[in-house]
Amino acid sequence: MTPIDPIVWIIVGGVVALAAILTTVLVVRNRRQRELTRRDRRPIEAPAARPEAPVEPGAREAAVEAPAPAPTADRPEAAGTRLARLRRRLAGSNNVLAQALLGLISTDRLDADTWDDFEATLIGSDLGVGPTTELVDTLRKELSIDGVNDPTRARTVLREELVKLADPTLDRTLNVTGSAGLPAVVLVVGVNGTGKTTTVGKLARLLVAEGKTVLLGAADTFRAAASEQLQTWGDRVGVETVRGAEGADPASVAFDAVNTGADKGVDVVLVDTAGRLHNKSNLMDELGKIRRVIEKRAPITECLLLLDATTGQNGLIQARVFNEVTDVTGIVLSKLDGSAKGGIVVQVQRELGVPVKLIGLGEGVDDLAPFTAEGFVDGLLGE
Ligand SMILES: Nc1nc2c(ncn2[C@@H]2O[C@H](COP(=O)(O)OP(=O)(O)OP(=O)(O)O)[C@@H](O)[C@H]2O)c(=O)[nH]1
């Protein structure tokens, strides 16, 4: 056998060593690659929560105006708490009417001057001349028999008479139940700035909390910001808002909203309108068209007229015009907070023959309450 040349041994040894090195390198690289892949697949950990910064007074309200990203409704305050808070607000120190009423029952001598002052205050509170005269006559009669020496008796008589004036017999049910598989349609009308958009938002929130499905229609196409404002409410409450382009025909947006609501099977469609009071025939045309077009798809179950309590007699004149041009089924009296014009409740119901169904007592999301004659009077008298 021929001995193998040492050179050949060296070459073979080198090849084997090179192969071993290459194999080791490949194994290590593969292992690293697998490790990296495994790390990538690990779920991303949420960053540690940052401690909440202290909230400036009013900052929460401002944050509330921003559209909420998630379409989930925040639940309104419980009805009892809300009403108690609103009652306190109604009896607030800036309410001239409440002060005059409480002044009367706490005085120990009723002379002609006291009655004159009382009468003037009631007229100033927009109670109207007729209801004021009725109230003063009844109180004079009742209290001259019993005297005001007994403040509890005086308060009882005053409460009874005021409740009668606010008329507890009126049906104030909000008609938000549709029929024949169609949604209920609530049309909200009124002069600009009275609080229509805000009320639609607050009402949507209450309806959602009652378990109803709601859709908003932004038929106030006159003011671009109005439909944005409504959309913001819709986002916060977690309901869809149907909008049109700025300057679009309000009737067509209203129809789209009701049509979408009917197709989607929602319970209630709330339609916000512009209701500019250019002149009576324009208003009649605009609201008439909106009504006709909506009713091609579903009947309007409730037409709410917004009335700003602070505008007094002017507001009443506007309300009369709206009531003449469209079939109003309920009044929403906004801005009763801090207004000395609470008497308007009585006057507007008598003049228009339409019940006040809701009252607005502030700009906050929960500052809308159903109206009841007893609750309103108790609020005024601070009970
Ligand atoms: N204090 C108080 N302010 C209210 C109340 N309701 C509404 N407002 C405020 O009134 C202003 C007008 O309200 P909007 O809802 O924009 O009124 P609108 O009728 O829709 O107005 P247009 O879109 O111009 O027709 C807003 O600043 C509201 O926050 C209320 O009950 N009390």
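Cβ atoms are placed via backbone N, Cα and C, with glycine included.
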With the ranges 39-78, 279-318 to choose from, which does TrEMBL describe as region 'Disordered'? 39-78
For ARG276 (GTP binding site), just give me the three-state DSSP call. coil
Report the member of LYS196, ARG276 (the binding-site residues) whose C-beta atom has the most other C-beta atoms within 10 angstroms. LYS196
Please work out the helix, strand and coil residue numbers for the domain 'SRP54-type proteins GTP-binding' (355-368) from the DSSP assignment. 0 helix, 6 strand, 8 coil
Less than 6 Å between Cβ and the nearest atom of ligand 1 is the rule; apply it to the binding-site residues GLY193, LYS196, THR273, ARG276. GLY193, LYS196
